[in-house]
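Here the structure comes first, spelled out in structure tokens, and everything after it is commentary.
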Amino acid sequence: MATTKTETQNLSLKRESPLNRLRKEWAGVLILLLLAAFPFLFAWFSGTSVTDGPSRFWQGLMITFFIMAVYAMSYDLLIGYTGILSFGHAAFFGGGAYTMALWLTHAVPVISSRYRITLPGGANITEVVLFVAGILLVVLVVTLLGLLFSAASARVRGVYFAMISLAMAEALHILSKATDFVRWTGADEGLHGVPVPAWINPTQNRLLFYFVALAFALIMYLLVRRIVDSPAGRVFVAIRENESRVRMIGYNPVVFRSIAFVTAAVIAGLAGALFSLWNMSATPTMTGAIMTINALIMTILGGIGTLVGPILGAGLMQIVGQFFYQWFGPRWPLVFGLIFIALVIFLPYGVIGTWRQKRYAWKRAIQKMFGKG
Amino acid sequence: MTVEGEILLEARSLRKEFGGLVAVDDVNIQIRERTLHSIIGPNGAGKTTLFNLLSGMMRPTRGQVYYRGRDITNLPPHRIAHLGIGRSFQITNIFPNLTVLENIRLAAQALGKDNFRLFRPAGSFRQYEEKAYAVVKRVGLQGREFDLALNLPHGDKRKLELGIMLAGEPQLLLLDEPTAGMSSEQVPALLEIIHSIMADGDKTIVLVEHRMDMVMSISDRITVMHQGQILAEGTPQEIARNQTVQSAYLGELYGDLAADLEDKDGQR
Amino acid sequence: MGNDNILEVESIHTFIGQFHILEGVSLQVPRSSITVLLGRNGAGKTTTLKSILGLTPPRHGVVRFDGQEIQGKPAYEIAAMGIGYVPEHRAIFRNLSVAENLKIAERKKGDLDRKADFIFSLFPDLKRLYRLPGNHLSGGQQQMLAVARALVADNQLLLIDEPSEGLAPILIEQMMETIRNLSATTTVLLVEQNFIMASQLAENYYILDDGKTVHQGKMADLVQDKELIHRMLGTAVRSGGAG
Amino acid sequence: VQQVTPTAEPTQPPAPTQAPPPTQAPTKAPEPVQTEEPVVELGPVLKIGQIGQLSGALALYGLQQTRGFELGLEYASGGKTDEAGRYIIANRPVEVLVRDDEGNPEKAVQLARELIEKDGVEIIQGPSSSASAAALTTVALENKIILMVDPAASAFITGQYFNPYVFRTSRTNYDDVLVIAKYLVENVGSKFAHIGIDNAFGRGSGAALAYAVAQYGGEVIADIYAPLETTDFTPYIQQAMDSGADCLFLTWAGTGYVTLFQQLGDLGALDQMQVATGFGDNASFAAVYGAAVGQIGLNVYHYTAANTEINKWLTEKHLEKYNEPPDLFTAGGMASALALAAALEKTGGDASGDAMIPALEGLKFEGPKGTYYIRPEDHVCLQPMNILKLVDINPPLDDKGRPTYKFFETVYVTKYDELAVPCTLTGEYESRCGDLPRP
Amino acid sequence: MLGVVGYTSMGQTAFVRTTLSGLTLGALFFMVAAGLTLIFGLMDVLNFAHGAMFMLGAYLGWQFFTNPTFLFGLAPLILALLAPLFGWLFARLEIPEALQKSAPSLLGLAGVVVVFLAVRGLDILDLAKTAMVATMTAADPLAEATPQEALSIFWLRTAGMFIAGALLAMATSRPGDKTRTVHTDQVRRALIGAGVLLVFTIVATLFREAAPRAVLLWDANLRFFAALLVGALLGAGIGGAIEVTLIRPLYVRPIYQVIVTLGLAYVLREVIQLLWQPLAYQMSRPPLFSQPGKAENIFEWFRTNSVTVDVLGVTFPSYRLFIILLGVLMLVALALLMNYTRLGMIIRAGVQDRQMVEALGINVQRVFTLVFMLGAGLAALGGIGAAPFIPVQPNMGDAFQLQAFIVVVIGGMGSYGGAAIGALLLGLARAFGDYLALKYSLSPAIAEASTVIIMAIVLLVRPAGLFGRKE
Ligand SMILES: Nc1ncnc2c1ncn2[C@@H]1O[C@H](COP(=O)(O)OP(=O)(O)OP(=O)(O)O)[C@@H](O)[C@H]1O
Ligand SMILES: Nc1ncnc2c1ncn2[C@@H]1O[C@H](COP(=O)(O)OP(=O)(O)OP(=O)(O)O)[C@@H](O)[C@H]1O
Ligand SMILES: CC(C)C[C@H](N)C(=O)O
Ligand SMILES: [Mg+2]
Ligand SMILES: [Mg+2]
């Protein structure tokens with residue numbers, strides 16, 4: 001729906017000049033630049049090659065982080081913004097991952113061995129076309145999943161829905177590991193060695209994949225930010241606050257919940273698809289309850305109902321988890337769990353939420369100290 | 001006194017049963033355009049339930065509701081809202097964690113055509129924001145626009161409740177005990193708002209209220225409900241004099257209200 | 001002192017969070033009487049009741065019930081000593097049936113059976129609604145239930161917070177009647193903004209302002225003192241009705 | 001086949017997630033005359049990543065694997081270490097980085113990538129679970145790094161999941177069944193039922209069983225798979241009993257094994273038909289095989305069955321270090337180390353995949369079980385297998401109070417080239433099979 | 001009806017056996033779900049640590065049954081640390097205004113440091129390992145129930161723990177909290193409580209070596225039933241501690257309860273792996289259910305205690321009948337409790353408005369804690385009851401937890417009868433599903449999905465579950 005005119009408009013409430021915007025968002029831009037430069041900075045500081053060894057590994061870690069951040073963000077769209085407690089988010093992520101992996105493993109080779117799609121000039125673009133088709137397929141599949149979930153959510157509420165969603169995801173999980181489909185899905189082991197097209201293959205060109213993932217995360221972040229800030233996004237929040245009242249002022253919550261579900265599903269599904277490309281695999285873990293729980297943990301850790309929160313949560317979990325593993329060995333989840341519990345008890349609004357609150361308090365304290373700054 | 005107009009809303013043998021309990025018992029009622037029509041009655045008479053039926057919150061067991069001649073009996077509440085019927089609630093029903101402005105803005109946006117714009121910031125739709133500001137001013141919440149609704153004192157919450165309804169620019173307003181839980185000091189301000197709504201000239205109000213002095217002074221018509229049925233209907237004076245009403249609802253304490261009213265009317 | 005006052009409150013100070021809400025409230029409630037607590041919105045009336053009951057325990061000061069110091073005891077112990085509470089805004093249990101709402105207030109087995117007739121005689125409506133869940137009651141019915149609930153156990157003292165709120169005029173009268181009857185056996189400490197009601201019921205009054213008791217005396221005297229009424233209670237007085 | 005506890009060695013916690021403590025090895029190695037040797041400049045450290053399952057159902061296998069591997073390095077290096085205590089193979093000090101994949105293929109892949117990219121590992125050894133092994137084959141291919149599989153046993157690893165970088169010293173499902181199939185068909189009956197884990201290991205075994213019994217005129221009439229985490233086997237056992245088979249072949253691993261066996265007994269399946277399975281690890285014997293004394297079964301490795309010098313050395317060292325004799329997969333871990341060492345010597349320390357492939361293909365080496373041969377075509381490692389007779393489930397302790405686990409009488413030990421393990425390669429690699437037997 | 005169809009199409013043996021198997025599964029599901037109907041169904045706490053409690057119960061019971069050295073060795077230390085229960089002892093302490101803010105965290109930190117110092121050098125892990133090794137049937141548990149540490153040193157540790165407990169008590173006494181006062185009565189009660197605790201600690205310290213030996217000399221059957229009790233009681237105790245420290249502050253933030261219990265499940269699992277290593281164990285059945293042979297019927301079993309019983313012509317393990325019995329007993333106990341006490345009502349009311357319930361003279365906080373303890377205790381009891389049947393391992397509770405959630409939801413929140421029926425339904429569906437799936441060459445996964453599908457259907461038809469109260 002967005003016209004060119006609106007595209008140039010600001011994301012925040014008031015219209016501002018681009019310069020002004022940049023000033024407001026300097027922190028974000030800086031972080032983005034840092035992330036973009038990260039592979040080179042890391043290689044430079046550690047004195048290693050950008051494409052090998054530890055650099056490569058850290059790029060990998062960051063790629064996972066980017067993907068998980070998007071995934072957590074999509075979850076927050078449901079739980080934080082629309083107030084839907086869903087325990088089935090893995091279905092979207094795993095659904096996306098499996099769709100992509102199955103498509104690349106079983107459909108693409110067959111199709112590309114039979115057909116060739118060329119540009120008028122003669123360039124062979126079969127691979128690209130099929131890849132794009134794969135993405136569209138992912139979107140289609142997870143949209144259907146999202147609609148299924150929202151249909152259920154129209155009928156049952158609260159913890160009952162949480163349980164239903166858990167069950168629906170579990171059903172998908174069971175399908176993904178059912179031996180009946182072992183020829184296609186690899187059952188328990190999952191699909192490995194998915195033939196990812198060379199131009200986006202993470203083992204062949206890790207650095208490129210890093211930027212793809214970064215761009216993906218950025219685009220998704222901007223997209224979600226837009227959605228959250230859009231008229232519809234505001235209605236999501238209203239539904240979270242008081243659904244019956246939303247209906248009484250003239251919105252149809254079923255429709256808006258469906259929108260929320262489908263958007264969250266598509267974003268999570270795309271994250272899943274990218275994850276399957278990144279790992280060149282699709283495994284039952286990706287559809288399992290742990291995957292949902294991860295989303296929940298990342299979201300709450302960072303701060304529910306914010307966009308930066310889930311991203312930060314994903315970062316904490318991926319990056320800090322890595323360090324913990326190094327420091328504490330295989331029992332690191334013990335330490336992580338303890339810290340985690342302490343955080344939940346003492347930082348009730350997540351890292352970001354608490355920071356925002358405190359920031360306000362600090363500001364006031366400072367104002368007080370200097371007699372109204 | 002305002003001119004009575006066309007029939008705006010009509011209920012025909014409307015009935016609602018909860019299990020064995022008949023909360024609304026074959027009620028026929030007509031609301032005329034541009035009137036302030038009060039519904040009074042003892043607790044449990046079925047006033048709130050009647051509102052729930054009229055606004056689509058509940059489905060009647062039987063009977064119809066017509067709005068401007070159109071059958072709206074089984075329409076979902078959001079459709080009814082789109083037809084221009086707004087309601088406020090006896091128990092405050094707002095969006096607690098949103099700002100006052102956002103509460104009202106949402107209501108203003110609801111009936112516009114931009115709800116499904118997913119990729120344009122809500123802030124860029126100035127018209128809704130402007131409307132919201134106007135409503136804030138109208139209900140007297142200036143200066144609190146950016147407070148979270150849950151932090152408002154009770155009286156202000158009641159005002160916000162009203163503001164949410166007003167922002168939808170309904171033609172027909174169903175107000176369920178707007179003064180509930182307000183202290184007497186705050187009531188005049190609310191009366192002021194109601195008067196100003198009526199002064200717009202094109203609004204119709206249905207009011208449920210227990211504060212008799214208020215009801216008597218501002219209503220054009222009063223319907224008295226009792227045990228789900230309509231006990232009496234008429235002008236305030238008629239009602240105040242009605243013996244049945246006195247015994248069923250008003251009691252002795254207000255026996256002298258009728259006399260009181262005669263003077264007041266003169267002043268108005 | 002001693003035995004003729006069932007409740008004595010001596011200069012209590014109560015905090016909610018960091019806010020110093022009560023700054024020295026003192027009350028004496030004689031046995032088998034109705035004492036009313038008056039004051040503007042936000043004066044601290046509700047907080048006083050809650051402080052007596054231990055829901056917001058006072059930091060300083062003494063609360064004596066039946067001669068025993070009770071400040072600092074947990075609320076459930078205080079209540080169990082024989083204090084019934086009808087909170088403002090009813091606070092009935094929405095997901096419990098009317099029957100359960102009453103049953104839960106039992107302190108001894110069989111309390112409800114003993115009191116059922118008495119309660120139904122006061123509020124015949126409740127008999128009809130007995131099996132309904134609390135959230136299906138209309139506003140006024142909930143208020144009746146809240147009062148009924150406080151009557152189930154044998155209480156020596158009832159703390160009633162704004163019982164007339166949201167009641168139809170005729171019910172306000174009934175409620176007054178009920179409370180008057182109760183005071184024959186139980187002591188009542190009433191918070192009421194409806195001055196008509198308060199003045200007709202109570203023998204003694206206390207006026208709170210800004211967390212302090214500022215006036216006290218016999219109701220009969222207060223009714224004469226229009227100026228004081230106006231100063232302390234604002235317009236609350238005139239707007240009679242269900243105000 | 002497994003159970004249950006790290007028997008009797010409270011002082012040595014099986015927490016082998018770090019490389020073996022460098023200080024302890026040199027003192028215990030058969031002390032060479034290190035100082036007198038001419039000082040040769042050592043090559044760069046060779047890091048080997050070892051992935052095993054150190055928690056969960058197969059945790060004991062991971063432990064055996066890591067111990068065996070370390071002892072294998074010690075043996076191959078002749079106990080020669082550098083000053084940090086690393087064994088020196090082909091003039092390169094070898095450092096082993098052990099990781100726990102929890103039996104989760106995804107985790108295995110992650111760990112492998114991390115080992116390769118971050119830690120600079122040049123060879124991957126392991127894992128315990130066939131599912132993980134299957135997943136790891138792709139990592140080997142991606143990075144052109146040798147994956148030396150042991151103890152994961154699925155035939156699929158060198159079948160449908162094969163690529164040239166995948167090697168194994170573990171036996172395949174075919175070894176398991178071929179060794180016993182003839183005996184079963186001739187002595188028990190021709191109708192078989194199979195209960196297997198629902199994963200690559202179990203399914204591989206199902207395929208192998210069908211192939212093997214068919215060779216002797218038998219037939220699998222019920223092929224049943226249960227999820228690894230199954231706790232109630234009743235329906236599966238019921239199905240097997242309903243099938244009317246003469247013999248029930250079990251393919252199970254991990255803790256559920258005890259449960260399965262117990263329930264087989266409880267539900268009367270043991271009375272109704274003969275049950276055949278591999279004899280598992282030492283600790284589980286009392287719990288599992290109580291009712292099986294006198295039975296004949298197959299076995300991958302038992303220290304009492306192998307009559308070789310290396311095995312003697314292994315047993316001694318193991319007793320000395322861990323206070324108990326080596327277990328089911330200790331030999332496998334050791335064989336992996338020996339095979340890698342032999343190949344490394346051949347390449348002169350070049351561990352890159354492309355150098356190692358020719359060195360490993362067709363490699364014949366002596367290991368704890370005897371002679372092993374890595375088939376060049378499909379990298380299957382042909383090796384001796386045991387047929388044992390269970391005679392005693394509560395053997396006495398030795399004079400130092402250590403368990404002896406002398407359960408068996410050896411019936412027969414095959415030579416490495418005795419079992420005609422078929423070549424199961426598929427797709428683009430199918431042609432590699434040449435004239436090897438095909439299933 | 002279905003039964004008849006199944007009976008005729010499956011044949012008697014298969015039908016009876018599958019039914020019995022379904023009943024066992026149902027009983028297992030119910031054992032986990034029973035506690036969950038209280039915690040999740042009544043208190044609305046989405047307790048994701050419930051499966052962990054099941055697992056914990058199994059470990060504790062198993063350890064007690066086979067060799068309780070470890071448990072007794074740890075008991076004095078844990079008892080000594082319980083002082084914070086009496087935190088209000090210090091509530092009257094006047095602390096300088098300036099210190100009030102930082103005092104709790106400083107004291108808490110000091111407490112943690114002292115705990116650390118007290119257990120430093122004490123090889124709890126080693127203690128666990130000795131006890132664990134002794135559980136291997138080959139070895140003689142009595143021989144392994146050895147003294148751990150000279151009393152003279154151990155006293156210091158206990159004292160250290162006591163000091164730590166006192167520090168933590170001070171920290172939790174909320175110094176300077178103006179919204180709180182403490183009546184003299186309370187202080188007196190706290191003093192008595194603390195005294196009793198001290199006595200217990202001393203007794204536990206003195207008997208920490210003798211006790212395990214004594215227990216090991218008991219008859220194994222007695223030890224087994226004691227293990228059931230001990231597992232359940234310890235489970236309840238741990239549940240209580242969890243409720244007080246982690247759940248209670250979060251009743252106002254339900255989603256965070258989910259999160260905290262998730263984290264807790266994580267932590268418990270890791271602690272277990274730290275203490276007992278990440279392995280799986282098999283608990284042996286008590287002699288009552290393990291004599292070789294087969295009883296012709298139940299009555300004969302009373303005489304023979306044989307491992308299997310003939311039920312309607314089918315050989316079936318006697319222990320599994322015991323599991324079914326245990327499930328039924330739990331149901332009866334729960335039914336009695338819920339019908340003859342006002343617990344259910346109080347909790348439902350308390351969830352909505354705690355203050356009001358308190359104003360009625362009910363100690364809500366204690367009721368909540370009790371109910372949580374009861375729920376956790378039931379889960380633990382289920383765990384130890386199941387331990388001789390399924391492997392004892394760190395994630396043994398996870399699958400059951402999911403099933404239990406489904407059971408509670410199918411049955412309707414807060415309805416124990418519904419939970420029982422739900423459990424039965426799922427158990428039978430699972431057993432027959434597995435049977436039929438195998439019969440038609442489908443994977444058992446399909447049968448696994450049936451539970452999920454049953455739930456979806458039930459909820460779509462009756463959004464509040466079979467016996468749920470409608471909101
Ligand atoms: N959801 C429901 N289920 C069952 N009974 C209900 C429900 N809602 C209301 N009732 C019953 O219907 C009757 C009418 O209730 P209603 O709320 O309409 O009364 P009201 O006139 O608004 O009273 P009040 O002035 O006290 O608010 C009451 O007896 C009430 O108990
Ligand atoms: N939770 C709270 N946090 C902060 N301030 C509070 C809180 N509860 C009450 N107060 C404040 O305490 C003061 C006394 O409140 P209280 O409810 O006792 O008044 P009241 O006399 O009962 O008034 P009303 O007539 O409106 O019921 C008010 O100023 C109120 O704002
Ligand atoms: C015998 C075991 C080592 C086999 C292993 N369980 C696998 O999955 O391959
Ligand atoms: Mg009403
Ligand atoms: Mg008040």
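Cβ atoms are placed via backbone N, Cα and C, with glycine included.
Feature annotation from TrEMBL assigns transmembrane segment to A:26-45, A:57-78, A:90-108, A:128-151, A:207-224, A:254-278, A:284-304, A:334-355.
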Non-local residues, at least 6 beyond the ends, that sit with Cβ under 8 Å of the transmembrane segment (A:334-355): 297, 299-306, 308-309, 312-313, 316, 320-321, 324, 328
Cβ pairs under 8 Å between the transmembrane segment (A:207-224) and the transmembrane segment (A:90-108), at least three: no
Intrachain neighbours beyond the transmembrane segment (A:26-45), with Cβ under 8 angstroms and 6 or more residues off its ends: 54-55, 58-59, 62, 207, 210-211, 214, 218
Range from A:57-78, A:128-151, A:254-278, A:284-304 with most C-beta pairs under 8 A to the transmembrane segment (A:90-108): A:254-278
Best-contacting stretch, by C-beta pairs under 8 Å, relative to the transmembrane segment (A:284-304) and drawn from A:57-78, A:128-151, A:254-278: A:57-78
Sequence-remote partners of the transmembrane segment (A:57-78) [C-beta within less than 8 Å, at least six residues beyond its ends]: 35, 38-39, 42, 84, 86, 89, 92-93, 202, 206-207, 209-210, 213-214, 216-217, 220-221, 224, 227-228, 236, 260-261, 263-265, 267-268, 270-272, 274-275, 278, 294-296, 298-299, 302, 304-307, 309-311, 313-315, 317-319, 322
